Amino acid sequence: MLNKSAALVPVVLAFLFLFLCFQCLYADIRCLTGKDGAVHLEMEAKPLTIEPRPGVFFDAWGYCLKGDVPTVPGPVIKVREGTKVKILFRNKLTVPASIHPHGVKYTTANVGVNIAGNPASIVAPGDSRIFEWDTAGTPGTWFYHSYVFERGGEEGLSRGLWGALIVEPVGGDPNPPDKEFVVFMHAFNVNGQEYYAFNNKSGDIELMRGDSSAFPGETWKAKMGDKVRFHLINITEEAHTFHTHGHRWLDKSCDKLIDTIGLNPFDSYVLDFVAGEGVGKGNWAFHCQSQEHMMNGMFGIFMVEEGKRVNAVIASCDEGRKTLSAPGQDRQPPTLEGFSGAYMYPEITEKNMYESFAGLEKGDGIWGDYYSPIPLYTYFNPSRHYVPPESDAYTNLLVKYRPDQCVECHEETTPGIVAEWKMSNHANPKKNPHVSAETQEIEALIGKELNNWRPGTKDGVYCSYCHGSDHEKLFMPTVDNSCGACHPKQAAEFIKGRDHGRPNHPQSWEGNVSTPWYAEYYRRGEGYSMVGCDQCHQNMSSCDDCHSRHRFSAAEARRPEACSICHMGPDHPDWESYSRSKWGVIYETTKERWNWDKNLAEVIPGEDYLAPTCQYCHMYVGNNKWEMNVETKGIWRMGVIPPKEVEFKSGLKDFPYGIKIPPMDKKLEIYSAESQEKRRKWVELCSKCHSSRFAGMWLDSLDQYMFESWRRIDEAQLIIEKLFSENAIEPPPEKRPPFPLSDLIIKVLGAEKLGAEMYRLFKQTNGHLPVIGPILGAYSIFTQNEGNPGGIEREYAEMWFWSHLQGYKGAAHAQPDISWWWGTAQGVGNLTRIRDEAEKLRRLKSGSSSGF
């Protein structure tokens with residue numbers, strides 16, 4: 001029988017599969033060009049947990065761009081010499097913090113240290129301020145860090161509050177590298193043991209003793225012949241060295257070839273060499289020469305691979321390339337002919353799994369190589385699967401119509417979509433002054449004039465703008481291949497939903513296909529059973545999920561019904577709870593009087609809208625601003641992640657059981673600094689109609705409702721855990737079918753992604769292990785296979801996945817019937833049945849009938 005840790009696998013694996021984000025660890029460092037000689041950044045300091053070595057966890061603090069997940073090291077800031085850097089810094093820690101730069105120029109008001117007699121320049125918890133630096137005459141590799149000596153802030157350096165600051169010479173880089181890496185030298189103290197590290201990874205010395213399964217520490221990859229640059233920064237109070245196996249470089253200070261360099265505390269150094277030059281491909285160890293430091297983890301592996309060298313694209317500020325690190329910088333206006341966006345999947349690994357064309361030969365995501373999709377994938381995820389139709393009818397129509405007569409031809413073949421398009425702003429981009437003003441902005445962006453369509457013309461946003469002009473190479477419009485060219489602001493705002501963690505709209509398809517039971521259905525020949533999931537979770541790179549084809553109406557997308565097709569049902573009854581709340585009743589009885597043509601930021605509550613809508617509330621980002629995403633203020637998220645504020649007695653108390661995969665690598669913290677900021681924005685929004693006192697009470701009431709519901713879930717989880725430990729559930733895990741996709745879980749994810757303990761359990765049991773509780777225990781609702789899961793497990797899944805979430809939505813949206821009868825009452829009933837069933841199972845186990 002499995003031990004208790006095995007019984008807790010469900011919660012651990014939940015976040016592993018549904019929220020795993022594959023990222024490349026080596027740096028693609030882009031130069032920030034900014035505007036008018038200045039780069040404007042918004043940065044934050046937040047807590048996080050890092051895993052320097054598998055199974056070793058460190059409570060860190062990290063910097064990040066606004067809304068991003070914090071990292072150690074923080075974001076690389078690379079600018080051209082002479083650029084002004086202005087950073088709006090928000091401190092989301094519980095201790096003071098700052099940003100202090102090395103090397104560049106700044107005033108005493110921007111030093112980031114609380115020196116007596118100078119203006120205060122550290123930032124209290126929850127506060128913000130602007131730091132300004134001048135890089136004129138200061139080229140080089142520097143770094144920035146927190147510089148606080150009071151109220152706990154002095155731990156900033158040891159906790160990870162540092163990042164690289166690179167100033168490129170004013171004349172540019174005459175020999176730019178193909179690959180560029182930043183390496184911080186540091187040590188993390190965990191329970192009294194020092195784990196020496198490059199960046200945030202500490203290698204296992206067993207790798208140096210021939211154990212290929214040992215953790216390699218930090219890894220860097222390059223192709224044979226790549227010009228490689230390493231920026232070394234010693235962020236500790238100890239001296240370190242950096243030694244490269246097989247590679248050497250010219251040290252400019254002595255004009256000699258060397259392969260080892262020493263760095264004093266808080267020193268930096270830059271080295272350049274050619275990958276594999278004279279030594280070939282392979283895995284090369286780079287390490288600190290100090291035996292103690294290397295033995296305790298300060299090494300990494302430089303992987304040189306065969307392959308064609310890619311010319312340098314990363315070092316020069318002259319290129320003006322778009323960078324994700326400076327949202328406000330200029331970029332060249334896209335044109336519809338040449339636009340190739342990178343909003344949805346900027347990372348090459350994600351592109352390969354979700355966007356690179358595969359037709360209908362293979363699926364999507366981490367399991368994509370192991371199933372072939374149903375034909376409807378051509379519409380569910382068109383950027384990867386769309387196949388133009390092959391039909392003799394098209395050939396016959398060409399006799400009657402020219403290839404560019406899209407409207408005339410489709411008026412005969414699909415008149416409905418043409419009629420929709422003719423009513424749209426796409427066909428009538430200058431139908432009134434308001435639309436004309438927006439059209440003028442788009443015309444300037446794309447370099448084309450857009451006039452109202454007239455019969456016989458190709459005016460307006462014609463079919464070819466969104467589908468291409470070649471019918472043989474027809475494509476479906478997505479954010480990346482068309483929408484983002486004319487609507488880059490909306491596209492960028494929409495994609496920001498990813499920054500707040502899953503679930504979110506941009507990654508809805510990823511969440512769908514990454515669940516193990518999804519691909520398992522396909523392997524059983526039952527892929528069509530997942531169509532219900534596919535229709536809501538279809539790739540939202542297509543804007544028509546909210547703006548229906550072919551009107552693409554903003555007014556339609558502002559109405560709450562636009563959300564109802566997906567946001568309904570037992571696990572998220574948003575529509576049921578909103579439409580039957582007092583808000584929904586007011587909306588239903590007065591909606592024809594509302595002004596749907598106004599942008600949300602222009603709406604006057606009580607005049608244009610007589611009650612709130614989904615969009616008005618959830619797209620609000622604070623300070624009287626609305627954006628094209630709904631994730632900004634999510635505190636409880638979907639509602640299935642255990643909160644830190646509840647003292648759990650079941651295995652939920654140990655969540656997340658050592659698995660540390662951002663962003664879902666910890667319990668929710670309902671009263672963290674970040675959550676308090678979200679709460680402030682909610683109260684700010686609600687105060688447009690209610691008193692701030694009432695709004696605060698309502699949010700507090702929702703929190704307490706959820707805490708009480710989680711305590712009932714905790715009791716149910718504990719009951720089932722004990723049943724498994726008592727071997728009272730039949731058939732036991734080892735005698736029933738394994739967890740879905742168990743044979744691939746080990747193969748595809750491996751020890752590095754599963755974690756050492758989970759990897760061992762799956763390998764030891766071949767997937768014959770109990771999986772219960774949030775969130776992978778939801779497989780109980782999606783599948784049933786010869787006793788796996790059992791009835792009591794199904795009952796528990798319905799408790800936390802249906803009853804709990806129904807109550808959550810009812811309480812949040814002020815619908816009393818759903819809050820109580822669909823939520824609390826149902827959850828209590830689930831718990832009662834679980835208690836009764838547990839007693840029956842124990843009696844069966846003991847062989848007693850006890851009156852039955």
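Yeah, the Cβs are placed from backbone N, Cα and C, and that goes for glycine too.
Going by Swiss-Prot, these are the annotated features:
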{"type": "BINDING", "residues": "His102", "note": "Cu cation 1 binding site"}
{"type": "BINDING", "residues": "His145", "note": "Cu cation 2 binding site"}
{"type": "BINDING", "residues": "Cys406, Cys409, His410, His471", "note": "heme 1 binding site"}
{"type": "BINDING", "residues": "His426, Cys483, Cys486, His487", "note": "heme 3 binding site"}
{"type": "BINDING", "residues": "Cys463, Cys466, His467, His550", "note": "heme 2 binding site"}
{"type": "BINDING", "residues": "His505, Cys563, Cys566, His567", "note": "heme 6 binding site"}
{"type": "BINDING", "residues": "His537", "note": "heme 4 binding site"}
{"type": "BINDING", "residues": "Cys543, Cys546, His547", "note": "heme 5 binding site"}
{"type": "BINDING", "residues": "Cys614, Cys617, His618, His813", "note": "heme 7 binding site"}
{"type": "BINDING", "residues": "Cys686, Cys689, His690", "note": "heme 8 binding site"}
{"type": "DOMAIN", "residues": "72-169", "note": "domain 'Plastocyanin-like 1'"}
{"type": "DOMAIN", "residues": "217-307", "note": "domain 'Plastocyanin-like 2'"}
{"type": "REGION", "residues": "28-327", "note": "region 'Nitrite reductase domain'"}
{"type": "REGION", "residues": "328-827", "note": "region 'Hydroxylamine oxidoreductase domain'"}
Work out the three-state DSSP category of His550 (heme 2 binding site). coil
Candidates His145, His467, His537, His550, His618: member of the binding-site residues with the richest Cβ shell (10 Å): His145
Which of the binding-site residues listed here (His467, His537, Cys543, His547, Cys614) have a Cα atom within 10 Å of the Cα of His505 (heme 6 binding site)? His537
The binding-site residues listed are His426, Cys466, Cys486, His487, Cys689; by CA-CA distance, the one closest to Cys406 (heme 1 binding site) is Cys466
Out of His410, His537, Cys686, His690, which of these binding-site residues is nearest His145 (Cu cation 2 binding site) by C-alpha distance? Cys686
Applying the rule Cβ within 8 Å of the centroid of the Cβ atoms of His426, Cys483, Cys486, His487, what extra residues of the same chain belong around the heme 3 site? Ile442, Val461, Cys466, Ser482, Gly484, Ala485, Cys543, Phe552
Cβ neighbours within 10 Å, counted over all protein chains: which one of the binding-site residues Cys406, Cys483, Cys566, Cys614, Cys686 has the most? Cys483
Pairwise Cα distance for Cys543 (heme 5 binding site)/Cys409 (heme 1 binding site) [Å, integer]: 25
Given the binding-site residues His102, His537, Cys563, His813, state which is nearest to Cys686 (heme 8 binding site) when distance is taken between Cα atoms. His813
Least crowded of the binding-site residues His426, His547, His567, His690, counting other Cβ atoms within 10 Å of each Cβ, is His690
Reduced DSSP assignment, the residue listed as 'Cu cation 2 binding site': strand
Reported mean pLDDT - the region 'Hydroxylamine oxidoreductase domain' (328-827): 89
Cα nearest His471 (heme 1 binding site) among binding-site residues (Cys486, His547, His550, His618, Cys689) -> His550
Return the residues near His102 (Cu cation 1 binding site) by Cβ distance under 8 Å, restricted to its own chain and a separation of at least 6 in sequence. Trp142, Phe143, Tyr144, Leu165, Phe266, Ser268
Apart from the site residues Cys614, Cys617, His618, His813, the 8 Å Cβ neighbourhood of the heme 7 centroid comprises Pro560, Asp574, Tyr578, Pro612, Thr613, Gln615, Tyr616
When you look at Cys614, Cys617, His618, His813, which the record names as binding heme 7, what is the longest CA to CA distance in angstrom? 12
